[in-house]
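Worksheet for the structure shown next.
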């Protein structure tokens, strides 16, 4: 399965990864993440904000795994919170942390003893990246064939290595394109491709693969129920059969366009088909205002260094 270069497809993939949580219980469609400036820029701030209709104190940030920068959050990072009407928690990472901001981050919330997490990638600056993923976010159905590919952006006379969830995959050594046939849920996770001895520099390729537990257009415990039609890039949830809608659409089948009170923003959308440059995208005005107000020190409470 080679990713399609289609706008709504990629936006839906991003929101699918946002909303397909590792939770066993009630589907929580109100917990969302916005990855702002996901393509890092030297000397420029980057942030992740998570929004919920619950108390922001229940939202926690952490690294999903060590991709060469350790397991702790960047040393100069700060967290901010906002209360009603929109509960939000923001992980603010200033430019001084440089490549220590690179990696795989998650925000997690626990509601009624059910843990839900959302994962976001922070990619290396274009001018520093040595290896870059063609498609950093990938979603596949059970049994699909998946191709992961990287480009060399800075040629080094060093061996190329791969990792899956922090474990080396020696059979892929030296390869720029790998094929996973008949993928299963165990193939989900974080894939890294880097030059040997350079992983700690934070300039290598990151990819996330999420494998639905059912074949295409099916959902349920036994994958025997047909998915409803999902329009405008919506994707059928493999457990609950609801349409997970991309930003800007709502309704049972993602057929309703939300209010057009949006603003064109120069933000990173993590869209693999436009060279990871800053993309002008239509995002909810509320979300953008949350990102902006943090820098104006308005309406936000700084979280103590212990994160509580």
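Glycine residues also receive a Cβ, built from the backbone N, Cα and C atoms like all the rest.
Annotated features in TrEMBL:
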- 1-25: signal peptide (SIGNAL)
- 124-193: domain 'Ig-like' (DOMAIN)
- 224-255: domain 'EGF-like' (DOMAIN)
- 245-254: disulfide bond (DISULFID)
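Candidate disulfide-bonded residues: 245, 254. Fewest other C-beta atoms within 10 angstroms, 254. Sorting each residue of the domain 'Ig-like' (124-193) by its DSSP state yields 6 helix, 30 strand, 34 coil. Assigned with DSSP, the residues of the domain 'EGF-like' (224-255) fall into helix, strand and coil as follows: 0 helix, 8 strand, 24 coil.
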